[in-house]
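Accompanying notes for the structure given below.
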Amino acid sequence: MVKLDIHTLAHHLKQERLYVNSEKQLIQRLNADVLKTAEKLYRTAWIAKQQRINLDRLIITSAEASPAECCQHAKILEDTQFVDGYKQLGFQETAYGEFLSRLRENPRLIASSLVAGEKLNQENTQSVIYTVFTSLYGNCIMQEDESYLLQVLRYLIEFELKESDNPRRLLRRGTCAFSILFKLFSEGLFSAKLFLTATLHEPIMQLLVEDEDHLETDPNKLIERFSPSQQEKLFGEKGSDRFRQKVQEMVESNEAKLVALVNKFIGYLKQNTYCFPHSLRWIVSQMYKTLSCVDRLEVGEVRAMCTDLLLACFICPAVVNPEQYGIISDAPINEVARFNLMQVGRLLQQLAMTGSEEGDPRTKSSLGKFDKSCVAAFLDVVIGGRAVETPPLSSVNLLEGLSRTVVYITYSQLITLVNFMKSVMSGDQLREDRMALDNLLANLPPAKPGKSSSLEMTPYNTPQLSPATTPANKKNRLPIATRSRSRTNMLMDLHMDHEGSSQETIQEVQPEEVLVISLGTGPQLTPGMMSENEVLNMQLSDGGQGDVPVDENKLHGKPDKTLRFSLCSDNLEGISEGPSNRSNSVSSLDLEGESVSELGAGPSGSNGVEALQLLEHEQATTQDNLDDKLRKFEIRDMMGLTDDRDISETVSETWSTDVLGSDFDPNIDEDRLQEIAGAAAENMLGSLLCLPGSGSVLLDPCTGSTISETTSEAWSVEVLPSDSEAPDLKQEERLQELESCSGLGSTSDDTDVREVSSRPSTPGLSVVSGISATSEDIPNKIEDLRSECSSDFGGKDSVTSPDMDEITHGAHQLTSPPSQSESLLAMFDPLSSHEGASAVVRPKVHYARPSHPPPDPPILEGAVGGNEARLPNFGSHVLTPAEMEAFKQRHSYPERLVRSRSSDIVSSVRRPMSDPSWNRRPGNEERELPPAAAIGATSLVAAPHSSSSSPSKDSSRGETEERKDSDDEKSDRNRPWWRKRFVSAMPKAPIPFRKKEKQEKDKDDLGPDRFSTLTDDPSPRLSAQAQVAEDILDKYRNAIKRTSPSDGAMANYESTGDNHDRDLSSKLLYHSDKEVMGDGESAHDSPRDEALQNISADDLPDSASQAAHPQDSAFSYRDAKKKLRLALCSADSVAFPVLTHSTRNGLPDHTDPEDNEIVCFLKVQIAEAINLQDKNLMAQLQETMRCVCRFDNRTCRKLLASIAEDYRKRAPYIAYLTRCRQGLQTTQAHLERLLQRVLRDKEVANRYFTTVCVRLLLESKEKKIREFIQDFQKLTAADDKTAQVEDFLQFLYGAMAQDVIWQNASEEQLQDAQLAIERSVMNRIFKLAFYPNQDGDILRDQVLHEHIQRLSKVVTANHRALQIPEVYLREAPWPSAQSEIRTISAYKTPRDKVQCILRMCSTIMNLLSLANEDSVPGADDFVPVLVFVLIKANPPCLLSTVQYISSFYASCLSGEESYWWMQFTAAVEFIKTIDDRK
């Protein structure tokens, strides 16, 4: 057999450790970054929304807030401080948090309270509406909040609009709760901004480019716009026919322009219907559906209301004030443009209403020129949405893992909200929601929460976030999860919910602190921070590997006692092979911790010690009970277990020598189990597999009490899990359950169940499930099997049990990737579902062949073969419940372990064995599998067979072995479970070697009996054990007979000689399965304890069993494996000569420790540690060496094989880390994008706020502005004009600085204000400054425009006059650059025009760089393209633009601006010289 290279293994383990450490550090950093970003996002969003509300107040300039107060409030908002709620509310924070949480989750109550407040004329209803949006629903950043708010709006339609006498008037007034909330929601909805920008940006920019005239369609108003002299010049003499005719011509011309403009808007509206926000569409369709049912409302009126909501409340405000929505950012909108936009908005609304109401007769003529259904069709699309009950989510939820756990609310808002609710309660408007509100208010403290005085004195600049802000479980990220992300997975509790500081309090000079009040949700698990064991366990449970260790509570992070268990080493277990796995798992990657003691400490922490003590105590008591029972039935004698019997004698080379009385003979089962385990071991002798059975048993311990006792605090704590559970009750219950369970299918693996959830085991779990995942004994084989069926037998099991169901629903369910294993699982399903063995048989085949060669230790084929044979035993023997129980306890392995094993077993079973001795070997191999596994296999494989198969065959074949085993059992019986040898698992040599082995062992070991020697206490114990086992077996036999059809099927299974073997194995499997089931529970039941004690020596490592106390043997293997993994993953490989291994009688010689490869490796490492004076490492290595020295070479090879197998099985953990990292990176990127959006919104609101303030300032200076314009007209020299403009701007800047409104402005605001003043002033004098020579300039521009138009017809990108390099022609004709320069007319100040030119040049350079990434484009490449772009775009007034900028901005040009300006003027000059005729 191939030898496992310890150096390679160490290398891989070290790489794994380094990778895992770095990934964990990165994940920790990412978690911190995500939290910081989320916190910043929520705080910024809270402030931004308050600024927007403040802006609305400024625009309305209501009596309550003067512009100066709004400005002061804006400044205060920027300095908002966020403080944990308890600092002001003290212990009452919890009550308020619960109140807010329950209120938030009751949209109906909120809606009815707001309506009731309006009916009662509560003056603070509006501020409460703001609080609901900004605080309770956190500005709807999270989809959960958005969904709640949509429900509130739906209830408001029902309670407010539906009940109103004139809902349309109520809606148009815009002061009802629905209107305010809808406005807040639609303004903040990002998808709404996207829709508005996509729809309106282009048409509005085109309108600004052509804004020369008011598009007035009312003749009377048209005339009023001109002074008398202008009227006469334009229309002729007033009152004449010519005058009226000219006026009519102008009106028609304006109408034609307006129709073209509006059609452009409608076209964009239709084109972008696809991106209309789903949530708004849902609200509109809900309104239509709800109000259509009202008898007094006609359909036309309902439709008109939907039109009002859609156009008057959503689209038209954005058309009229695009700057406020960020649709237009840098192009100022002058008076003419604003008027034209208002005309467009008015026409859109009228067009939407065509057919539903008679329009203004004056507009009929213009409306007649439109397609009647143009806007109505858009409305139909929106209303036509199916009115489903649940609100849609606005977009793909990239923040799935995030959830809000706090509310941001100021103290005054909180008090206002509570008082509002109390006043609503006292009023009589609530109807059926009264009770709900009463319950909510009942829990609030009667008095107002007091502000702590300290708060007022200390400003909290950096209030802490409440704990809620932590990324929570991203469990779905487990590699195993099929879903890339389940909602819970990423649960990141961002507590930052920006709740608003009360909008109304503007007078305060100190910023009002915003309280961060926790909603009371518990802290969640952080993505990527699950331990290795948890991840691996989770995979098992979700993957359906019989192992269902993690209960749903655990998945959700709820505390549960089962948690402790599953935490132990389960993780790895599940994933890693089996028993050994468990042990491995213990040391799981957490090894990182590098301190051994940390390894075990999972949630269970110190449970280990207590558990051990408990176990010992219980063991003692139960032992007595078992002894009593056994004595009653004289089981020992029946089993033929005599103290002196030498094992070697018992073993006969053939199975059939002894005739067993009947299948029901208790000893048969036990013996068989043992035999099988032994046989498996034999076959595997050579294999690296770790101790055959021992591994499993050990694992069991993890789950079960067995191990836990043995477990040392430092290394094995993890293993203890189930032990810590209260022993007595559980055991009793479980035993009862087992008894009541019928058949394999129905019996549930207690361990499994328990781990799955804290409830008592459910019969539904099939034994099989327990079996599969863990056998470490045959790592290779198993691995292969596992790879084939990673979920091992238990696959469906998990589904069957209720617990599993829960788990599957759990957000964290991980499903292992589909693999052959799934098919295997499917085959095994029947077991889980109680259907009986028959279905099970199919899978055998799969197990036979490993899916891929084992990476490390190869496994003997023999080990794999023989599955079939095994199973049958089961059947013929029909284990009684008692037997099963005993067996189970003997091997108590966690189901998980069993699972993987079973796969191994199954594989071994598969091979038919014709020759008894050959059969025997497979049996041994099987034995090597953890018995649990064997069991699992059996149950899985067993199919109904004729029950005729002769017990005698079985018995004869295995009797001798069985006898031997029974002796062992005997000795085992009296020992505390931890001392027992784990018989079934113990590997045995192939039969031919068996006797020799025995003899040698006898020589070497203390007692005649190999097992007894293992336990170190020979015979006396055997009899007690035998009795106990028999007793238990009997008990269960009867139960099985009574209850389990599947057992019957199994019994039938053994029909052939091969079956004999099968029977053994199946029995074995069954037992072990049972054991596994029992294992999870600590042995409290007396029978159970005894059974636990039955753990047989076979389960122990060979050398350990011979040399050490049984107690040590059971534990030492796992312990050694854990420590060895730690040593290997921290070692630097040092080469040393390959050792030769001498073998004696076909067995590795374990007498010469110096031959042990591991020991030699460790010695080198110790030498290095001494050399480096690394005391910690020295201590760890020496302790590891002490543990390893006890084992013989064969066991050491098994140890390495087991570690290698565990290494392979940890792949899902690596995948989990990778997915968590990717998920966190995605979340972080999305949060940053959200933050960008919020910051942009805030910037837009602040700029518009500044613009409104400037407008107010300029209105107060209107007289001065008129004087300035008159003076400007009189000037002729360009320099004088420039100087005059500069002087007047400086005058206005000074006036602004002295204005009370601007006292609190920041430097940035002042700069924005100066820019706004410049734009406003230049807008007023634009025509005078742009066309100083008036008509002469206009005509000159027209000539150039026509010249360029002709050029554009003949000039192409590859025209020889341009000489554009060929490499750049692929991006021609550079449309984005053309569109940039075409908008230059929309900008009125020379600065803005230069910026427009700069953007065009930058766009061209970007496109050129894109075309040729190898070189940077230079001026020779750039200028020809610029010329071509100008020819194709042909912007109006090119010459006047050049003159305007040169006159008013030339002195300000510098740097980049100056360079691009020079290129631009050169291109214009060049264009002038091109002759289009040539």
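Along the chain as shown, residues are numbered 1 onward.
A Cβ is built for glycine as well, from the same backbone N, Cα and C atoms used for every other residue.
If you look up Swiss-Prot, you'll see 147-385 marked as domain 'Ras-GAP', on the strength of sequence analysis.
Taking Cβ-Cβ distances under 8 Å and a sequence gap of 6 or more within the same chain, the neighbours of ARG172 (site 'Arginine finger') are ASP308, ALA312. When secondary structure is read from DSSP and collapsed to three states, ARG172 (site 'Arginine finger') falls in the helix class. Annotation source Swiss-Prot lists site 'Arginine finger' at ARG172, citing sequence analysis.
The Cβ neighbour count for SER227 (phosphoserine), using a 10 Å radius and every protein chain shown, is 9. Per Swiss-Prot, phosphoserine is recorded for SER227 (among others), and the stated evidence type is a large-scale study or a structure entry.
Counting every protein chain shown, the number of other Cβ atoms lying within 10 Å of the Cβ of THR390 (phosphothreonine) is 9. Swiss-Prot lists THR390 (among others) with the feature phosphothreonine, giving experimental evidence as the kind of evidence.
Annotation source Swiss-Prot lists phosphothreonine at THR458 (among others), citing a large-scale study or a structure entry.
Here Swiss-Prot flags TYR460 as phosphotyrosine, drawing on experimental evidence.
Taken from Swiss-Prot, the feature phosphoserine applies to SER466 (among others).
According to Swiss-Prot, the feature phosphothreonine maps to THR470 (among others), an assignment based on a large-scale study or a structure entry.
Swiss-Prot lists SER569 (among others) with the feature phosphoserine, giving similarity to another entry as the kind of evidence.
For 574-608 (among others), the entry in Swiss-Prot reads region 'Disordered'.
What Swiss-Prot records for 578-588 (among others) is compositional bias 'Polar residues'.
Among the features that Swiss-Prot reports, region 'Disordered' is placed at 739-820 (among others).
Residues or ranges marked as phosphoserine by Swiss-Prot: SER742 (among others).
Residues annotated as phosphoserine in Swiss-Prot, with a large-scale study or a structure entry given as evidence: SER746 (among others).
What Swiss-Prot lists as phosphoserine is SER757 (among others).
The compositional bias 'Polar residues' annotation in Swiss-Prot covers 758-777 (among others).
A straight line from the CA of THR390 (phosphothreonine) to the CA of SER227 (phosphoserine) spans 59 Å. Residue counts of the domain 'VPS9' (1338-1478) by helix, strand and coil are 105 helix, 0 strand, 36 coil (DSSP-based). A mean pLDDT of 86 is what the model gives for the domain 'VPS9' (1338-1478).
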